[in-house]
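Asker: Attaching a single structure in structure tokens format; questions to follow.
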Amino acid sequence: MGSCFSLQVSDQTLNRIFNCLIGKSYIRTLEKNLRALQREMEDLRAIQHEVQNKVARDEARHQRRLEAVQVWLDRVNSVDIECKDLLSVTPVELQKLCLCGLCSKYVCSSYKYGKKVFLLLEEVKKLNSEGNFDEVSQPPPRSEVEERPTQPTIGQEDMLEKAWNRLMEDGVGIMGLHGMGGVGKTTLFKKIHNKFAEIGGTFDIVIWIVVSKGVMISKLQEDIAEKLHLCDDLWKNKNESDKATDIHRVLKGKRFVLMLDDIWEKVDLEAIGIPYPSEVNKCKVAFTTRSREVCGEMGDHKPMQVNCLEPEDAWELFKNKVGDNTLSSDPVIVELAREVAQKCRGLPLALNVIGETMSSKTMVQEWEHAIHVFNTSAAEFSDMQNKILPILKYSYDSLGDEHIKSCFLYCALFPEDGEIYNEKLIDYWICEGFIGEDQVIKRARNKGYAMLGTLTRANLLTKVGTYYCVMHDVVREMALWIASDFGKQKENFVVQAGVGLHEIPKVKDWGAVRKMSLMDNDIEEITCESKCSELTTLFLQSNKLKNLPGAFIRYMQKLVVLDLSYNRDFNKLPEQISGLVSLQFLDLSNTSIEHMPIGLKELKKLTFLDLTYTDRLCSISGISRLLSLRLLRLLGSKVHGDASVLKELQQLQNLQELAITVSAELISLDQRLAKLISNLCIEGFLQKPFDLSFLASMENLSSLRVENSYFSEIKCRESETESSYLRINPKIPCFTNLSRLEIMKCHSMKDLTWILFAPNLVVLLIEDSREVGEIINKEKATNLTSITPFLKLEWLILYNLPKLESIYWSPLPFPVLLTMDVSNCPKLRKLPLNATSVSKVEEFEIHMYPPPEQENELEWEDDDTKNRFLPSIKPYKYFVYPGMSFLTV
């Protein structure tokens, strides 16, 4: 008898089973829905990408994304994650299906999964339909940026645009503006601040803080807290750390701009509580300072320098301050006003103050008097000591170190607007004792260059190329004002350089004079006596003196520096020179001195002696008695490096640097002397063949001139075969210190491939050498392709080279090249340039003679190169380049 099985099922259970199997068909349509979900999700991601691109473009234009767009993007991101999770288990879920996908082995599990897929598909479809935005952004609400009052400016428009654009770059979080006092940094900064009001609410808050010198962190925190409405009594009683926490808490959720005006040292943002600007938070910190060094400490290693105004802009500003009423009162006043404006050298502070002072002066005589005061003692000009010099003096005070301050004041001894030769300036400093007691010239000079860098970064001096610096005229007046004890001791520094004097100026109290500079005048004779018992520096260079009276120097026992250079007719030193017992620096270069006085041997402290281009000096006999001598220059002197001279020089045991001319027979130099040579001139060697490989032993050689000599090539080091003489270790250059090279009238030389081993060349001049066909020969440099020449070259001068066809066989980078001069080189048709060769093309010039009459006279690497450098070709003119004729600057 068969058995029977009976099961009772409730209606609710039957309904649930029915819904699983039939109601929504989640299982039956699972595979179809999965395929649809994948397609719809791909479409959604594409739409999402388009929307994000639109948002990015609009936000770059300082628009703000719509809230609905942000909500949609958030939902898409959430759905995308959910979809990836669902699809990751698809293979497992499909394995559960049976009956051709109409049913499942695990009905409830498949039902739940199918339902999730169906609902997600509907959500994705909905998002796809909602993603068609007509607008994704809107103008931001205007943030509350209170405009700062500013005066109309002239000549700062380009600088404002450049500074604003740089600050708004995504990769720039910190930006510094640096420049000398009174140059207009704060005015420019205010205009940048006010532009934030123009662009609306791109930033949540813009904070302006005047920092000034010596400000404490607590004061900065208080100023910032007031802007953030934090500064109540409870907050004021907190310590700096807690205040920083509060400031950070408020700012970290905001897109802020912090503008710090007039900082003198690094501002510790973290200690204040400022979140560090980044590409993520898109915040900005901007500041002004007088110090480039501070810019680096703050994290801006490419700060923007605010410079003085160009002459025409300066004149416009000055005219505005003086006013049309005064300028039109007499036609002569306009010309006199131009002269006064020029005295300000483009410094807005001076232009504003002096322009306002002169605005009521309607008589020609008043303007003539003003010019006279400027020329004789500018510090006495009305308002100069009240409104201009004290502002500039802050930079001087910030130097701190008294030696650096002395170095700065020393620069005021040079003429207005005159370029100062760095190395000679530092040698003066060394002898004056400003640099310390280091007896090693190289170390002392290195320290001097560090001090020079400090003055340059403080914007008290301006760098001019590699070899020179210059002091702004108004800064110079400030230095002279300080040196005179603020006008109380005007004869501390007697400075009348480059003013056309024909005689020594009258001095009331010679005993008060510490420094005297009468350089660059027309003084022919000194007839007065002086009792300069305190004088330490006497500059008489570049006059028309024929001698120096003994009576004039009799009382100068403290004189340390005496410069008589460039008195072309000067032929005799008095025997009273022996009384200058403190003398350390004596420069007689470019004079007609015929012999050294017997009393010279009494100068026991003399350490620097320059006899460059003393072409009438026949002997330096007795120089070996100058036992303290550390530097001797004989380049271009009639005294050449013959056996008798070298014998004397070998006795100078403290000698550290030698500049000398070698001619006639090649003398085998003492090894110690060879290492001391820094500047060498070789002339009149007509041997054939001639080998200058001995130069490689001169490890301190910085300047080399070869003239009227006969040799085919310079061998850097001995090698196994003639053909491989350049195949040496390129990591050990032969001429590491060589920075200046002149080759003149060397008619056997065909190339200068050996200069590959002079990686620090700054100046290269090749002149009147008829066989030179290329500068660097490709075949000889075959194994040296890893060496890139001319990376530090600033001046390339090629004169009268009839066979020259090539400088280098392919384009080269010239990172710092300023000028390329090519004259009478008819076969040179292509320069080693491409479109990326020179980074600062706006500062680069090519001078060619004869000038190319048509564009196709020169061959270019490509059209981009041609278009980039054609504007750089300028009319030919004669220059005196640094390094030409060595130290004749």
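A Cβ is built for glycine as well, from the same backbone N, Cα and C atoms used for every other residue.
Pulled from Swiss-Prot, these are the listed features:
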- G179, M180, G181, G182, V183, G184, K185, T186: ATP binding site (BINDING)
- 19-64: coiled coil (COILED)
- 137-440: domain 'NB-ARC' (DOMAIN)
- 131-152: region 'Disordered' (REGION)
- 510-532: repeat 'LRR 1' (REPEAT)
- 533-555: repeat 'LRR 2' (REPEAT)
- 557-580: repeat 'LRR 3' (REPEAT)
- 581-603: repeat 'LRR 4' (REPEAT)
- 604-625: repeat 'LRR 5' (REPEAT)
- 626-652: repeat 'LRR 6' (REPEAT)
- 653-676: repeat 'LRR 7' (REPEAT)
- 698-721: repeat 'LRR 8' (REPEAT)
- 825-848: repeat 'LRR 9' (REPEAT)
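For the listed features, I'd like the structural context: burial, neighbours, distances.
Answerer: The Cβ of M180 (ATP binding site) has R290, C308, L347, L392, S395, N459, L460, H472, V475 as same-chain neighbours under 8 Å, each 6 or more residues away in sequence.
In the predicted structure, the coiled coil (19-64) carries a mean pLDDT of 74.
The repeat 'LRR 2' (533-555): residue composition by secondary structure is 4 helix, 4 strand, 15 coil, according to DSSP.
Using DSSP to sort the residues of the repeat 'LRR 3' (557-580) gives these counts of helix, strand and coil: 5 helix, 4 strand, 15 coil.
Residues 427-428, 431, 536, 541, 557-575, 609-623, 625-626, 628, 633, 887-888 of the same chain lie 6+ residues outside the repeat 'LRR 4' (581-603) yet bring a C-beta within less than 8 angstroms of a C-beta in it.
Listed as Cβ neighbours of the repeat 'LRR 6' (626-652) (distance under 8 Å, sequence separation of 6 or more from its ends, same chain) are residues 427, 439, 441, 584, 589, 600-601, 603-620, 658-664, 667, 669-670, 672-673, 679-681, 885-888.
Counting residues 6+ beyond its ends, the repeat 'LRR 9' (825-848) has Cβ neighbours under 8 Å at 798-815, 817-819, 857-862, 864-865, 868-869, 872-877, 879 in the same chain.
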Asker: If you count the other Cβ atoms within 10 Å of each Cβ, which of the binding-site residues G182, V183, G184 comes out on top?
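Answerer: Max Cβ neighbours within 10 Å, all protein chains included: G184.
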Asker: Compile a sequence-ordered list of residues in the same chain as T186 (ATP binding site), six or more apart from it, whose Cβ lies below 8 A from its Cβ; state 'none' when nothing qualifies.
Answerer: D261, D262, T288
Asker: Name the residue among the binding-site residues G179, G181 whose Cβ has the smallest number of other Cβ atoms within 10 Å.
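Answerer: Among the binding-site residues G179, G181, the sparsest Cβ neighbourhood within 10 Å belongs to G179.
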Asker: Taking DSSP states H, G and I as helix and E and B as strand, how many residues of the repeat 'LRR 4' (581-603) are helix, strand and coil?
Answerer: 5 helix, 3 strand, 15 coil
Asker: Near the repeat 'LRR 3' (557-580), which same-chain residues lie under 8 Å Cβ to Cβ, leaving out any that are not at least 6 residues past its ends?
Answerer: 428, 431-433, 519, 532-551, 586-594, 596-603, 610, 616
Asker: Which residue counts does DSSP yield for the repeat 'LRR 6' (626-652) in the helix, strand and coil classes, in that order?
Answerer: 7 helix, 3 strand, 17 coil
Asker: Apart from G179, M180, G181, G182, V183, G184, K185, T186, which residues in this chain have a Cβ no more than 8 Å from the mean position of the Cβ atoms of those residues at the ATP site?
Answerer: R290, V306, L347, P348, L349
Asker: Count the other Cβ atoms sitting within 10 Å of the Cβ of K185 (ATP binding site), across every protein chain shown.
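Answerer: Total other Cβ atoms inside 10 Å, all chains included: 25.
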Asker: On the three-state reduction of DSSP, what should I expect for K185 (ATP binding site)?
Answerer: helix
